[in-house]
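Trainee: Pasting in a structure now, in structure tokens, and then I'll have a few things to ask.
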Amino acid sequence: MDTFWWRAAWGLCLVQLSLAQIDLNITCRYAGVFHVEKNGRYSISKTEAADLCKAFNSTLPTMAQMEAARNIGFETCRYGFIEGHVVIPRIHPNSICAANNTGVYILTSNTSQYDTICFNASAPPGEDCTSVTDLPNAFEGPITITIVNRDGTRYTKKGEYRTNPEDINPSVVSPSSPPDDEMSSGSPSERSTSGGYSIFHTHLPTVHPSRPRRPWSQRAENTSDTRDYGSSHDPSGRSYTTHASESAGHSSGSEEHGANTTSGPMRKPQIPEWLIILASLLALALILAVCIAVNSRRRCGQKKKLVINNGNGTMEERKPSGLNGEASKSQEMVHLVNKGSSETPDQFMTADETRNLQNVDMKIGV
């Protein structure tokens, strides 16, 4: 019993230690825009995203700022919060990132936790990969915050940046799962050794259709799940495609630089348990019916044979009748013989012939 309580206390301490530590992986800054991942998974809510950017002396970027950063090389393979949207900036098509689309890919989903994207107005206008060594707007707290830069350098600080009590003590312990096509930041070549993100430039083959194309047009075909598609426009007049999270089926679309087609894994329909149980019961009933039918056939199949012999009775009965000139009375002898009896029909025929011969001899003697 003491061992159980000791292990429980040790496990509780480990849980508290894990909850008291936060790792923040950040990318380079592109026109002030950078991506932040918390604890290696989607675990940042919308309110925490704003607090985290504020701790970095930054804000959530707008769509125009995202487009400007993408134009100079900013792209990721994970969803992140911006002002009013959840997006992935893509420059090169990749089948596991943003459904093989390019541009600022907007997601519409019910999932509430993602990464975040921040914008620092004081950052250089181009690409800046210098290490971040401070969390200037973090206040005092018991949490150990570690900033992991793209080059592997780390900066650790005690403090807190979250202001929403639900973010500090979430009611749901398990983190929300990301969409199927963005389970990680990409292949190992697309991630840095420190756990952050590297900007990758992977050129995939692009198919150019012969028919005219509309920019950023999407259509759903052969879908197995319901998806919501729409479009939004920013004040500058640009049009962005909005997609729902795709978990199965196929989608295809054409873009400004070509058409890209992505295919998701087809999900096999799940067989209900009640249907399996019903099929098992029916099979069992069929087997029992066959057994009962075979047993009944064996019982009813024991046929009985009637062997009828015409005889005239015993010797004593036949003598007076023969002397008096009366007609001999015939007597029928009926033998019931089972099909499985040890005596064969030939034996019965032999006995009958013997009796008939005796009758004939007696008549001749009289």
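Including glycine, each Cβ sits where the backbone N, Cα and C put it.
Pulled these from Swiss-Prot:
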| type | residues | note |
| --- | --- | --- |
| SIGNAL | 1-20 | signal peptide |
| TOPO_DOM | 21-273 | topological domain 'Extracellular' |
| CARBOHYD | Asn25 | N-linked glycosylation site |
| CARBOHYD | Asn57 | N-linked glycosylation site |
| CARBOHYD | Asn100 | N-linked glycosylation site |
| CARBOHYD | Asn110 | N-linked glycosylation site |
| CARBOHYD | Asn120 | N-linked glycosylation site |
| REGION | 156-266 | region 'Disordered' |
| COMPBIAS | 184-196 | compositional bias 'Low complexity' |
| CARBOHYD | Ser185 | O-linked glycosylation site |
| CARBOHYD | Asn222 | N-linked glycosylation site |
| COMPBIAS | 243-252 | compositional bias 'Low complexity' |
| CARBOHYD | Asn260 | N-linked glycosylation site |
| TOPO_DOM | 295-366 | topological domain 'Cytoplasmic' |
| MOD_RES | Thr314 | phosphothreonine |
Trainee: Of the glycosylation sites Asn25, Asn57, Asn100, which sits closest to Asn120 (N-linked glycosylation site) by Cα distance?
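Mentor: Looking at Cα distances from Asn120 (N-linked glycosylation site), the smallest one goes to Asn57.
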Trainee: Would you mind giving the whole-number mean pLDDT across the topological domain 'Cytoplasmic' (295-366)?
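Mentor: Averaged over the topological domain 'Cytoplasmic' (295-366), the predicted model reaches a pLDDT of 56.
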Trainee: Counting other Cβ atoms within 10 Å, pick out the least crowded of the glycosylation sites Asn25, Asn57, Asn100, Asn120.
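Mentor: Minimum Cβ neighbour count within 10 Å, taken over the glycosylation sites Asn25, Asn57, Asn100, Asn120, occurs at Asn57.
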Trainee: Rounded to an integer, what is the Cα-Cα distance in Å between Asn25 (N-linked glycosylation site) and Asn100 (N-linked glycosylation site)?
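Mentor: With distance taken Cα to Cα, Asn100 (N-linked glycosylation site) is 24 Å from Asn25 (N-linked glycosylation site).
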Trainee: Give the distance between the Cα atoms of Asn57 (N-linked glycosylation site) and Asn100 (N-linked glycosylation site), rounded to the nearest whole Å.
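Mentor: That separation, Cα to Cα, works out to 33 Å.
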